[in-house]
Amino acid sequence: MTPLVHEIAGLAIPELAQQFGTPLYVYDARTILERIGHLAAFDVVRYAQKACSNIAILDLVRKNNVLVDAVSAGEIHRAMAAGYKPGFNDPPEIVYTADIFDHQTLDMVVELGVPVNCGSPDMISQYGQRAPGNSITLRINPGFGHGHSQKTNTGGEQSKHGIWHEQIEDCIERANEHGLTIAGLHMHIGSGTDMEHLSQVSSAMEQAALVVGSSITSISAGGGLPTPYRDGDDLVDTAAYYEQWDATRGRLAKEFGHHVSLEIEPGRYLAAESGYLVAEVRAVKQMGGNRYYLLDAGFNNLARPIMYGSYHPMAVCPANGDTERAHQQVVVGGPLCESGDIFTQEDGGFVSSRSLPEAHVGDYVVIGCAGAYGHTMASNYNSKPLTAEVLISDGSPHLIRERQSLDDLIRHERIPG
Ligand code: LLP
């Protein structure tokens with residue numbers, strides 16, 4: 001994204017803002033489709049919908065042969081609303097991956113027949129009591145992990161995720177007690193991982209699969225593929241990554257004497273760069289040495305900067321169509337009653353300024369790489385309604401989520417008496 005922008009996917013930003021209001025999430029379908037194409041060599045691309053779970057996005061990926069992961073009853077419900085079918089097909093369209101079952105979700109996966117990827121020994125027993133004889137997969141914590149932040153590192157003993165790699169034999173026993181077949185293994189060591197760590201996962205998988213043996217018919221590399229947030233960051237070499245996993249899969253298939261299917265489970269890689277958060281500048285003020293642009297979007301809309309100190313690219317869209325603006329050092333923040341409501345964060349420091357084009361009240365600031373973990377992590381904090389979402393496909397903007405109303409905010413609340 002250049003620092004001065006006028007369009008998203010060929011559509012004028014001020015017109016999108018006027019038609020749908022701000023703050024506004026805008027997704028470009030082409031980016032998602034392009035990214036799906038990069039992963040086509042894998043037998044199964046299973047979208048980690050937690051990244052961006054609007055049912056229109058799920059419908060888009062489903063129509064492009066991408067299957068789906070669900071981490072809650074709500075995500076199973078979304079997947080089905082977008083046309084995915086539950087059931088033990090090979091490969092299953094929906095898989096439930098988690099470290100626990102809440103009661104509602106356990107009932108749901110048993111009643112609908114949604115295959116489960118167990119992230120704790122207790123899940124195996126709880127599922128086995130309800131659905132003896134079924135196939136399951138296990139999410140293994142290989143003892144190491146990595147993420148763009150310690151909060152997104154999902155491997156090693158500092159992480160609560162998965163079944164500890166030294167407990168696989170115990171889990172085989174638990175599964176046997178209920179006649180469950182361990183048909184697949186899965187590893188996801190973190191989100192926004194680097195390739196150095198990701199490239200260690202396939203050999204950990206190979207060792208784990210050999211412990212389980214020939215009941216294994218599928219392996220999943222999990223998600224975690226990094227995406228470029230900063231200018232100059234490259235897209236990862238998915239072909240090389242595939243080859244590494246394909247070699248692992250090939251050795252296992254030879255050992256077991258049957259085909260082993262290879263899955264990948266990306267969230268960020270498919271969704272991050274497709275999404276933009278468009279906000280209007282509502283105040284420009286000088287506070288001592290710091291110049292602030294205050295937007296109508298805050299961390300209620302995009303939590304990643306305050307939560308992880310994450311860097312997001314930003315651009316200014318002049319409402320008057322200017323094609324040149326002088327740059328200045330600015331801090332970009334939102335409307336919320338918290339000092340940490342600042343988008344120009346990096347390396348965990350919350351008031352860091354950035355060089356951006358001059359902006360006035362009524363101009364727009366566009367925050368890029370906001371498609372993954374943007375709207376799905378939004379909240380109603382400060383009683384701000386959730387924003388609308390728009391998907392641009394075939395050159396047209398489609399409203400895929402209505403903006404919440406003020407009545408929506410209090411719809412489920414009751415005053416006693
Ligand atoms: N599979 C499992 C089991 C996961 O837990 C996740 C992400 C993924 C796949 C997809 O990971 P990805 O390809 O998107 O890296 N809110 C954080 C990210 C949390 C990721 C949680 N699990 C963020 O904004 O960076």
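Heads up, the Cβ atoms here are built off N, Cα and C, so glycines get one too.
The domain 'Orn/DAP/Arg decarboxylase 2 C-terminal' annotation in TrEMBL covers 25-371.
Taken from TrEMBL, the feature domain 'Orn/DAP/Arg decarboxylase 2 N-terminal' applies to 44-272.
What TrEMBL lists as N6-(pyridoxal phosphate)lysine is LYS50. For LYS50 (N6-(pyridoxal phosphate)lysine), the same-chain residues lying six or more positions away in sequence with a CB closer than 8 A to its CB are ASP69, VAL71, GLU75, GLY267, TYR373, THR376.
In sequence order, ARG46, TYR47, ALA48, ASP69, THR97, HIS186, HIS188, SER220, ALA221, GLY222, GLY223 are the residues near GLU265 (pyridoxal 5'-phosphate binding site), counting only same-chain partners six or more apart with C-beta under 8 A. In this structure, GLU265 (pyridoxal 5'-phosphate binding site) belongs to neither helix nor strand by DSSP; it is coil. Per TrEMBL, the feature pyridoxal 5'-phosphate binding site maps to GLY224, GLU265, PRO266, GLY267, ARG268, TYR373.
Taken from TrEMBL, the feature substrate binding site applies to ARG268, ARG304, TYR308, GLU338, TYR373. Shown in sequence order, HIS148, SER149, LYS151, THR152 are the residues of the chain, 6+ apart in sequence, with a C-beta less than 8 angstroms from the C-beta of TYR308 (substrate binding site).
The annotation active site, proton donor is assigned in TrEMBL to CYS337. Neighbour density for CYS337 (active site, proton donor): within 10 A of its CB lie 8 other CB atoms from the protein chains shown. DSSP assigns CYS337 (active site, proton donor) to coil in the three-state reduction, outside any helix or strand.
On its own chain, PRO266 (pyridoxal 5'-phosphate binding site) has ARG35, LEU39, VAL45, TYR47, ALA48, GLY223, GLY224, LEU225 as residues at least 6 apart in sequence with a Cβ closer than 8 Å to its own Cβ.
Cα to Cα, CYS337 (active site, proton donor) and ARG268 (pyridoxal 5'-phosphate binding site) are separated by 29 Å. Only GLY224, of the recorded positions GLY224, CYS337, GLU338, place a Cβ under 6 Å from an atom of ligand 1. In this structure, TYR373 (pyridoxal 5'-phosphate binding site) belongs to neither helix nor strand by DSSP; it is coil. Each residue in ALA48, LYS50, ALA51, SER191, GLY223, LEU225, TYR269, LEU270, ALA271, ALA372 lies on the same chain as GLY224, GLU265, PRO266, GLY267, ARG268, TYR373 and has a C-beta within 8 Å of the C-beta centroid of that pyridoxal 5'-phosphate site, without being one of the site residues.
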